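Participant: Right, I'll just put the structure down here and ask away after.
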Amino acid sequence: MTDNLETQSPLRIVVLISGSGTNLQALIDAQPSFRTRASIVLVLSNRKAAYGLTRAKEAGIPTAYLALQPYLKSNPGKSRDDYDAEVARMVLKARPDLVVLAGWMHVLGDGFLDLISRPPSETEESAESIPTTHVFPIPAINLHPALPGAFDGTHAIDRAWEAYKAGTLDHTGVMVHRVVRQVDAGEPILVREIPFREDETKEQFEERLHGVEWEVIVEATNKILTERLEQCTVRQS
Ligand SMILES: Nc1nc2c(c(=O)[nH]1)N[C@@H](CN(C=O)c1ccc(C(=O)N[C@@H](CCC(=O)O)C(=O)O)cc1)CN2
Ligand SMILES: NCC(=O)N[C@@H]1O[C@H](COP(=O)([O-])[O-])[C@@H](O)[C@H]1O
C-alpha cells in the first residue's frame, strides 16, 4: 500500500476564481503539505482583471479566462447554460480530481454540474481529453463566508455585519460545502464559527474572517483529497 501511495500520481486540483485570489494563494502555499500528493493544475477566472490570475502565473500554474457576457456576445444564440458547459469542458481538459470554487462569483447551472458528475459519452467533446478510467463524479467544493443557511448568496459578510450591528446576531462564520445546484445549500464539509467582538471595526472583523477562510479552505481541500484518493485507490484495485 505504501508503495502505491508513493507511486500514486498527484491528485489534480482546478481552482475557479473571480477576484484577488487570497484563498487561491492559501491553496498554492499549502500544496507541499497536502496530506495526499496533489497539485493545482489550472486556475480559471471569469474576470480578466482577477489578481488571482497573477498569483497563479507567479506560481507557474496554467490559467484560463472565460466570462459570461463576452462569451454570449461572441456566440450569438448560445445561452448561460452553454457558457456553463464550456466552463466545464475547460475544467475537464485539466482532468481534475477536485474543483475548488474560491471566490468564484458565478452560479453554476446544470450545464456545468452535469458534465462533472458523469463520464462523457463517446460523442461528447470532453471524451477526447479525459480518460475512461477517470473517476466520476468529480467533487466540487465552495468556500462561503457564512454559516449554513445563514446568508446564502453574495455580500454575506456585509449582511452578517449589518445583522450584528442591528443586535440580532452575535456570531457568524465561514464554511466549505459541496457544490449542488441550489446556491450554498450543499452538504457542509467544514464549518467554523466566528464571534463578533465589540472592540472591532468592520475592517478588523473582515481581516479576522479572511484569516479563518484561508485555514478552512486548506483543511477542507485536504479532507476531500483524502476522500478522493480512497475512491481512486478502490477503483484501481
Ligand atoms: N450551483 C452553484 N454554483 C455556485 C455556488 C453553489 O453553491 N452552487 N456557490 C457560488 C459562490 N457563491 C457563494 O458562495 C455565490 C457567488 C455568486 C452568486 C451570484 O448571485 N452571482 C451572480 C452574479 C454576481 C456577480 O457577477 O457579481 C450570478 O451568478 O448571476 C451567488 C452565490 C458559486 N457558484
Ligand atoms: N459567495 C461566495 C463568496 O462570497 N466568496 C468570497 O469571496 C472572497 C474571495 O476572496 P479571494 O478572491 O481573495 O479568495 C472570499 O471572502 C470568499 O468567502
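Just so it is clear, glycine is given a Cβ too, placed from its N, Cα and C backbone atoms.
Automatic, uncurated: that is what TrEMBL annotation is.
So TrEMBL lists these for the protein:
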- 12-116: domain 'Formyl transferase N-terminal' (DOMAIN)
- 135-221: domain 'Formyl transferase N-terminal' (DOMAIN)
Participant: How many of the residues that make up the domain 'Formyl transferase N-terminal' (135-221) does DSSP mark as helix, as strand and as coil?
Facilitator: 30 helix, 21 strand, 36 coil
Participant: For the domain 'Formyl transferase N-terminal' (12-116), what does DSSP give as the number of helix, strand and coil residues?
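Facilitator: So the domain 'Formyl transferase N-terminal' (12-116) is made up of 47 helix, 21 strand, 37 coil.
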